[in-house]
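Peer 1: From TrEMBL, here are the annotated features:
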BINDING   GLU299, ASP526, HIS527  Mn(2+) binding site
BINDING   HIS475  substrate binding site
DOMAIN    291-578  domain 'Sulfatase N-terminal'
TRANSMEM  12-37  transmembrane segment
TRANSMEM  70-90  transmembrane segment
TRANSMEM  102-123  transmembrane segment
TRANSMEM  154-173  transmembrane segment
TRANSMEM  194-214  transmembrane segment
Amino acid sequence: MLNRIKGKLNNQLIGAFAYLLSVHILFLIIFSLFRFLSFLQNKVYLESIDDSLRTTYTVAIFTKGLRFDNVITCYIMVVPLIILSVLALFNKFNKSVLRVANVYFIIFGIIVFAISAADIPYLQYFNKHIGFSVFNWLGYSVETYGMIVEDNSLFAYLLIYLFVVGLFTFFVVKIGQCMLRRFRTNMDKREFKIWIPILFCILSVCLLGARGLIHKRLVLADSYFCNQLMLCQMVVNPVFYLLNTPVSAQSMSLEDEYVSLELINEELGFKAVDKNYYKKDIMTCDTVTHPNVVIVLVESFSSDYLNDSVGGKLLMPYLNDLKDKSYYFENIYSQGTHTNQGIISTLYGFPAIFDVVMSMKAPIELNHVSYDDERYKNTRRAVPVYHGLPNDLKKSGYKNLFFVTNSLAFDNLDYFLPLNGFDECFGVKDYPPLAQVGIWGVSDKYLFDYSLSKMDSVYKEGIPFYANVLTISNHPPYALPEEFLKNEASEDEAAMAYTDYCIEWFITEASDKDWYDNTIFVFLGDHGRVREPEYDIPLSLIHIPLIIYSPLFENEAKIVSDLGGQIDVYATLMGLMHKEPAYNTFGIDLLKDKRPYIYFTSDDKLGCLGNDYYYINDLSSDRELLYELSDKSISNKIEHNKALADSMKRYSGSMIEGAKHIFKNYLK
């Protein structure tokens, strides 16, 4: 009797169930391992939590995280559960079937563990999980490969990933072999009436697991159990996050389009519904003098760096000294969190639209291919045509130059810039190979030196010039001179110290030029960098300095504290040149006008900042947040200030909707 029961429990269907359950548990263990590694990388954020809550929060990260892991694992399990169970019922659970099942799970393991491994450094650096916008980078295979190989920390994660995949493959194969040896008894068709209901019950449990919760589907918002954002982020499975975020937030409507266009007309004085929205109704008069203009967009230049000290000395002493001789705008914010967005916002007064590559009009699915592929040249040529500073100066007889350290193909600049007001563009192909110091091309010092020679050449032609210089030092993997790595500064701090040195060298060299006294220099960040991730969009990621210096108004130094953004650079600069902007943009002259709020986007999030409050709309988790900047507890105040939140939402949402309307319909 006992042997008979034992024989029935060793049937192939039980074997299939045992195999699937074992692999399921294996997935959960490895997902938890990656969460543990992420926890170790970010455990510093527990330090701000009361001692009495640290253990509770730590347990919450792993227990709540297990539910998110289980959702992904159940999705992976549904198909093999059905197929293997049916085959086992008909005694077809054999070596060939298991081999196919093993391959299925190993392929899924390779994919989901790659996302999990890559997400650890991504979360630490960007304060958010990997979203679909990351696939825009895959077209840049050389840079992506170089970032992984040259950055030791990223290479370590690659090794961990390969080890985990190897371990997972080994155990999946071993589990299959073990099940085949043990569960050999054939199924008796007379027992189908017992096993089929059991199968349906197990399938129901699996589908419920894929749902996440009994009463509703598990969503990203269910990960928020405290006010510390990073702790909540660690709850979410990276694969779950990727699958539950929009492919592109640009497709999501923020405000009624008609209302948005009307608000833009009220606030900015132009009709975004008109394809000629950028044309001014008044004639502009040119200035008698034509000062040269040099804009330096500094990579990841968070305002925090200006206040940093290392070893009791200022990290960036030169720029701190320079800002005291300049128009220094201390409350400026980037409109996006990507370099291409910083370029467009600064030069053309046009807002960033979530994760959109603003220098391309290509469909989102074509942003992921290799940009050097001949098949996609026509796609890349279809660039948006903006109207702003380069066009305005070009009309006034300026020669416009653009300088980057690396390839101009990055962000499609090689096609974009010539069609948007630039006469000459210089990238890594224009520099000698020996000058290259890493995957990002030449050093900032070489770039400044090279740009000076080109400015000299234009000046000798008797033509005023506008030059835009895009630095790269503060972008990993870092390629810095040894002397900047010897002190106690972190790599990013060392990079900014080097940037400060390069800018000092540049201005010192420029001061000996005949054109120096008639030149306006502008320094700002393309975006910031995550330093203190208190909010869903960390302020350090978008708070950047804006320094406008010139011997022309060195005695007019002034600190401006009003809210502003990159979109205001064009109008403000034109004002300093005593010239009316030739084009309508989303910007204002910060020396003449004031904003009620400043707004920005970060992939799938919309932010709006006032003097006292900070509104965030997280489109992925469908959450709206309102923070009081003076409140150190970082608690959501939206229920107590709904009217203010609605006002900030309407203003920022309308501006982005208007920008989307223009980008989609007119920028061709």
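We count from 1, first residue shown onward.
From the backbone N, Cα and C atoms, a Cβ is placed for every residue, glycine too.
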Peer 1: DSSP on GLU299 (Mn(2+) binding site), three-state: which is it?
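Peer 2: Note: GLU299 (Mn(2+) binding site) is coil by DSSP, not helix or strand.
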Peer 1: Please report the Cα separation of GLU299 (Mn(2+) binding site) and HIS475 (substrate binding site) in Å, rounded to an integer.
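Peer 2: HIS475 (substrate binding site) has its Cα 7 Å from the Cα of GLU299 (Mn(2+) binding site).
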Peer 1: Compare 12-37, 70-90, 154-173, 194-214 by their Cβ pairs under 8 Å to the transmembrane segment (102-123) and return the stretch that comes out on top.
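Peer 2: If we count Cβ pairs closer than 8 Å to the transmembrane segment (102-123), 154-173 scores highest.
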Peer 1: Give the one range among 12-37, 70-90, 194-214 whose Cβ atoms make the most pairs under 8 Å with those of the transmembrane segment (154-173).
Peer 2: 12-37
Peer 1: What residues in the same chain, six or more past the boundaries of the transmembrane segment (194-214), come closer than 8 Å to it by Cβ-Cβ distance?
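Peer 2: Contacts of the transmembrane segment (194-214) (Cβ under 8 Å, skipping residues fewer than 6 from its ends): 13, 17, 67-68, 70-71, 73-75, 77-78, 81-82, 85, 89, 187, 222.
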Peer 1: Looking only at residues six or more beyond either end of the transmembrane segment (12-37), which have a C-beta under 8 A from one in the stretch?
Peer 2: 61-62, 65-66, 69-70, 72-74, 76-77, 80-81, 84-85, 87-89, 91-93, 98, 101, 105, 109, 112-113, 116-117, 119-120, 160, 164, 168, 171-172, 175-176, 179-180, 182-187, 195, 199, 202, 234, 237-238
Peer 1: Return the single residue from the binding-site residues list (GLU299, ASP526) that has the minimum number of other CB atoms within 10 Å.
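Peer 2: Sparsest of the binding-site residues GLU299, ASP526 by Cβ contacts within 10 Å: GLU299.
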Peer 1: Among the binding-site residues listed here, HIS475, HIS527, which has the most company in the form of other Cβ atoms within 10 Å of its Cβ?
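Peer 2: Highest number of other Cβ atoms within 10 Å: HIS527.
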Peer 1: What whole-number Å value do you get for the CA-CA distance of HIS527 (Mn(2+) binding site) and HIS475 (substrate binding site)?
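Peer 2: Checking the Cα atoms of HIS527 (Mn(2+) binding site) and HIS475 (substrate binding site) gives a distance of 12 Å.
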Peer 1: To the nearest whole angstrom, state the Cα distance for the pair the residue listed as 'substrate binding site' and ASP526 (Mn(2+) binding site).
Peer 2: 12
